[in-house]
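S.K.: Take this structure, written in structure tokens, and hold onto it; I'll ask about it next.
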Amino acid sequence: MPRGRSSSSSSKWRYCNPSYYLKRPKRLASLFIVFVCASFFVWDRQTLVREHEVEISRLSEEVNQLKNMLEELKSGDGDAVKLISGKKDLPDEPIDVERRQKVKEAMIHAWSSYEKYAWGHDELQPQSKKGIDSFGGLGATLIDALDTLFIMGLDEQFQRARDWVAKSLDFNKDYDASVFETTIRVVGGLLSAYDLSGDKVFLEKAREIADRLLPAWDTPTGIPYNTINLAHGNAHNPGWTGGDSILADSGTEQLEFIALSQRTGDLKYQLKAENVISELNKTFPDDGLLPIYISPERGTGSYSTITFGAMGDSFYEYLLKVWIQGNKTSAVRKYREMWEKSMKGLLSLVRKTTPSSFTYICEKNGDSLSDKMDELACFAPGMLALGSSGYGPADAQKIFSLAEELAWTCYNFYQSTPTKLAGENYFFRPGEDMSVGTSWNILRPETVESLFYLWRLTGNRTYREWGWNIFQAFEKNSRIETGYVGLKDVNTGVKDDMMQSFFLAETLKYLYLLFSPSSEISLDEWVFNTEAHPLRIVTRHDGEHIEKSKNRQTGRARGRKVGHFGNGRTLITLEANQSPGREEGENVDDDIFGRTYGRLRALAHKLDPNALKCKPNKTCDDRWGFDVIGSTVNVPKTKKTYCKNKECKKHTLHKVTQYKKGKDSLAAQGKRRYDRKQSGYGGQTKPVFHKKAKTTKKIVLRLQCQSCKHVSQHPIKRCKHFEIGGDKKGKGTSLF
């Protein structure tokens, strides 16, 4: 009787018996495979869970950050669009390092060509291999390129340029210079070089050329004439403007002149420039759009074009950037408010094409719109992106989205031509996306400027790729053996014979920074002028804001409080030609960097003792004062001898001395109280006076003869109504 199978071998439990697998190797192999697969499945599932947990944690952190930003926005303390550069450094990949080096090599090529063929001249004509003085022989390319050389680490080239500025730069040129171009290129370039290097030779030269430009602001409204002779100081407007000033030319000096006043402690530059904005704000329209021609006599616009392109562009740019330059405080809030008005006007000019929906900004002529956009207006995407911070979340997103749409249009200005370089302007006709109008390209920077800002604010590598494509087009079409040239026609590629100074100052600088870490010239610390010269951001406080003064700027200088405080007898002096800046060992009152207390009228450069007495029907600041310390004055004939040489009639204001009895202290009289506030200049503080105090009745002017240097004293009377200032303990009084 054959043996039957055991019950265990035929039951369902046989699979649990090890002998079941050991007797048959295939069964064992199958079991092993199942085990391995199950292990991988479990391990992979656990890994995915961990990765998802990390991702969820990261997203949760970002959501919390966004919530915090929204809370800040609700409280008014935050920005709708937070600068990435303020939080962390943007990634710097090997390809970025390589591209940055390529741009640096392009700068070396352009600079070497200028240095070889046009050293000291304004611009290089590469094909002719010679220099040309487009701006009166001020070395425009050299000064424009100073900060670019410094940023790129080209130390030897920078030092040679610095030596030329120190030894050879001469502003005494019998040349009718553009106030606008000289300010943004020369003043801005020198100030930027000073901010970056700390070399005072740049600051001294910036002040020297600014002083030569100042007479341009001597108009009935303080809105400057746009042209001035650098040697003689004669200012006027070009004939083709019909006597009007150009909006961009008159409203694009604020960054430079405010910075110059901050660096030197002399408020006259800031006051001149900010008065222009005050005048324009008096009749500022609801849409914030001004015509490109402004009357310097009336301060009103004429019936002319409104545009964000040529002759209008940088006025709107500076409204935003002065707000940034002052670190967005309430002292500069007026600029932001004016800019936001202008952006409402800009939105009314925005249109889209068919079929590709390119966004563009129209020009306005009277009541009609022109479907034309300059490449110059391609600064607007960067401006909008930069200004989107400060809006609420909804408006910020709207403004930033518009910036990105306009940047796409501007990039296609380049991509739509055979050379991949943009023309000067474009038209948008019904049924057409875009067609080039004026077809030259002169190496302009506006599009790469906007790409730089968008990259810094988003970290989106697309903008780096667009910038690289534009750079390659310059390399292919504009680079020649002796430098870089523009194109007469972007369709044919025919070259011109000019290397514009802004190619080194702006185009190559923005391209270099586009491929640099965001810590390189951080947007949290620097603001770029319209010529791409970075200036340091300095916090401004209340009391330093622009004033809506009813007094005209013309024919008078504004006073500033300066002085050395003494004990007993109060002695307030300022040496002739002495800069009121912070020099070593100089005991200068902190407030020279702060608000202005008096407004002094220049009395036709004549010190008339009778005119210095306040009259009942005249306000004090209309009747008493002098021009700038160190200026030439005509001394009136009196019985006193003012000079050993009796024939001498001209004297230089040498010292202004005010005497006061020690017991008659302001603190003892209890005539004022003080608030101490941070001034924003190195942590210094300044007193803010709320009450007028008694003043001394005697002032002694010390005059120095120009020929024999004899110093004599000239006593005058002072009106009791003048508000005077002192230190916290009331130890001193201020003439100004």
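Start at 1 and count along the chain as shown; that gives each residue its number.
Just so you know, glycine gets a Cβ as well, placed from its N, Cα and C.
Okay, so TrEMBL annotates it like this:
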type: COILED; residues: 49-76; note: coiled coil
type: ACT_SITE; residues: Glu181; note: active site, proton donor
type: ACT_SITE; residues: Asp313; note: active site
type: DISULFID; residues: Cys378-Cys410; note: disulfide bond
type: ACT_SITE; residues: Glu424; note: active site, proton donor
type: ACT_SITE; residues: Glu446; note: active site
type: BINDING; residues: Thr530; note: Ca(2+) binding site
type: REGION; residues: 661-687; note: region 'Disordered'
S.K.: Cys410 (disulfide bond): which of the active-site residues Glu181, Asp313, Glu424 have a C-alpha within 10 angstroms of it?
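M.R.: The active-site residues passing the 10 Å Cα test: none.
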S.K.: When neighbour density is defined as the number of other C-beta atoms within 10 angstroms of a residue's C-beta, which of the active-site residues Glu181, Asp313, Glu446 has the lowest density?
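M.R.: Least crowded of the active-site residues Glu181, Asp313, Glu446, by Cβ count within 10 Å, is Glu181.
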S.K.: Out of the recorded positions listed (Glu181, Glu424, Glu446, Thr530), which are within 10 Å of Cys378 (disulfide bond), Cα to Cα?
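M.R.: The recorded positions passing the 10 Å Cα test are Glu446.
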S.K.: Measuring Cα to Cα, tell me the gap between Asp313 (active site) and Glu446 (active site) in whole angstrom.
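M.R.: Their Cα atoms are separated by 11 Å.
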S.K.: Using C-alpha positions only, work out which of the recorded positions Glu424, Glu446, Thr530 is nearest to Glu181 (active site, proton donor).
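M.R.: With Cα distances computed to Glu181 (active site, proton donor), the winner among Glu424, Glu446, Thr530 is Thr530.
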S.K.: What residues, ordered by sequence, lie under 8 A Cβ-to-Cβ from Glu424 (active site, proton donor) and sit at least six positions away in the same chain?
M.R.: Asp374, Glu375, Gly437, Thr438, Ser439, Trp440, Asn441, Ile442
S.K.: Tell me which residues of the chain lie with their Cβ under 8 angstroms from that of Thr530 (Ca(2+) binding site), as long as they are six or more apart in sequence?
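M.R.: In sequence order, Ile184, Thr252, Leu255, Asp313, Ser314, Glu317, Tyr318, Phe379 meet the Cβ cut-off.
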S.K.: At a 10 Å cut-off from the C-beta of Cys378 (disulfide bond), count the other C-beta atoms across all protein chains.
M.R.: 29
S.K.: Suppose we draw a 10 Å sphere around the Cβ of Cys410 (disulfide bond). How many other Cβ atoms does it contain, all chains included?
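M.R.: A 10 Å sphere around the Cβ of Cys410 (disulfide bond) contains 30 other Cβ atoms.
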S.K.: Name the secondary structure element type, per DSSP in three states, that contains Thr530 (Ca(2+) binding site).
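M.R.: In the DSSP reduction, Thr530 (Ca(2+) binding site) maps to coil.
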S.K.: Any idea what DSSP makes of Asp313 (active site), helix, strand or coil?
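M.R.: Helix, per DSSP.
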S.K.: Kindly assign Glu446 (active site) to one of the three DSSP-derived states: helix, strand or coil.
M.R.: helix
S.K.: Would you identify the secondary structure of Glu181 (active site, proton donor) according to DSSP, in three states?
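M.R.: DSSP call for Glu181 (active site, proton donor): helix.
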